[in-house]
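Have a look at the structure below before the remarks.
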């Protein structure tokens, strides 16, 4: 029982945006690893479920997401990666989601995004944040080891395929995804890389991605993939959409974006997708958490003699 009460205390602490001890992070990651190692590369998820896109360390907006979508375990969640980088609270964001995963493994599914990578986090903020908040890179190491265990995709009721980025020219079937050895750093190319980096594009066939990794894929590619795997649609994140969600290719691909006012300056709204037990869809749109609920000190107004 003490293990669960410890975990509940850590969850409460993290919900208040307070750090847990380095030793607690180590133990949490060890428990998470035991759970995640059992999950498939195409993790099965049952409806009803609420599907979420990128969070990017925007902790107070994640709290807003839980406010509008319901808390774990009452709501069953699927997060499609990119928990860290760019926002101010990547540590608290990822550790809260991980603690919820350990506490309620059947009520929250976490899949890997392109930012769940050692290389990317050293550039876009998570590494520096761990160093600043803990005084060493040990916590970053624990977390990035867990990244390697995160599933690459999920399938809801056998009908909705969820992945962070998109499709790969090396992959025609879900079974091919199931055979990938995922327990590694995100490679620079190949099928695992493509799943996390690719984007839909109004084109046919495959195109070169301006991101420098993954591919652009067209409507014909999607039609083929969906038919071959007997699925209705692909749900993904990875691209900022100002309205929070966006349909592509006659509603066969959906982008969901869950970081409102991205980077604290883009002015976009965010969305989550609620699927009921019949896979009926309802989008919940939400805005950034109000400034006064946040931990960032609001900038002092510039004195008028500078204007």
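The backbone N, Cα and C atoms fix where each Cβ goes, glycine too.
Fair warning: this is a prediction, and the values are worked out from it, not measured in the lab.
Summarising the annotation, Swiss-Prot assigns Mn(2+) 1 binding site to 54, 56, 82. In three-state terms derived from DSSP, residue 54 (Mn(2+) 1 binding site) belongs to an extended strand segment. In this view, residue 54 (Mn(2+) 1 binding site) is surrounded by 29 other Cβ atoms within 10 Å of its Cβ, with every protein chain counted.
Under 8 Å, Cβ to Cβ, and six or more positions away along its own chain, residue 82 (Mn(2+) 1 binding site) finds 53, 54, 55, 56, 113, 114, 115, 116, 164, 237, 238. Taken from Swiss-Prot, the feature Mn(2+) 2 binding site applies to 82, 114, 164, 238.
Under the heading active site, proton donor, Swiss-Prot lists 115, citing similarity to another entry as support. Classification of residue 115 (active site, proton donor) by DSSP places it in coil, neither helical nor stranded. With a 10 A radius on its CB, residue 115 (active site, proton donor) counts 27 other CB atoms from all the protein chains.
The leucine methyl ester annotation in Swiss-Prot covers 307, and the record cites similarity to another entry as its basis.
Excluding the listed site residues 82, 114, 164, 238, the same chain places 54, 80, 81, 113, 115, 165, 196, 197, 237 with Cβ atoms within 8 Å of the centre of the Mn(2+) 2 site Cβ atoms.
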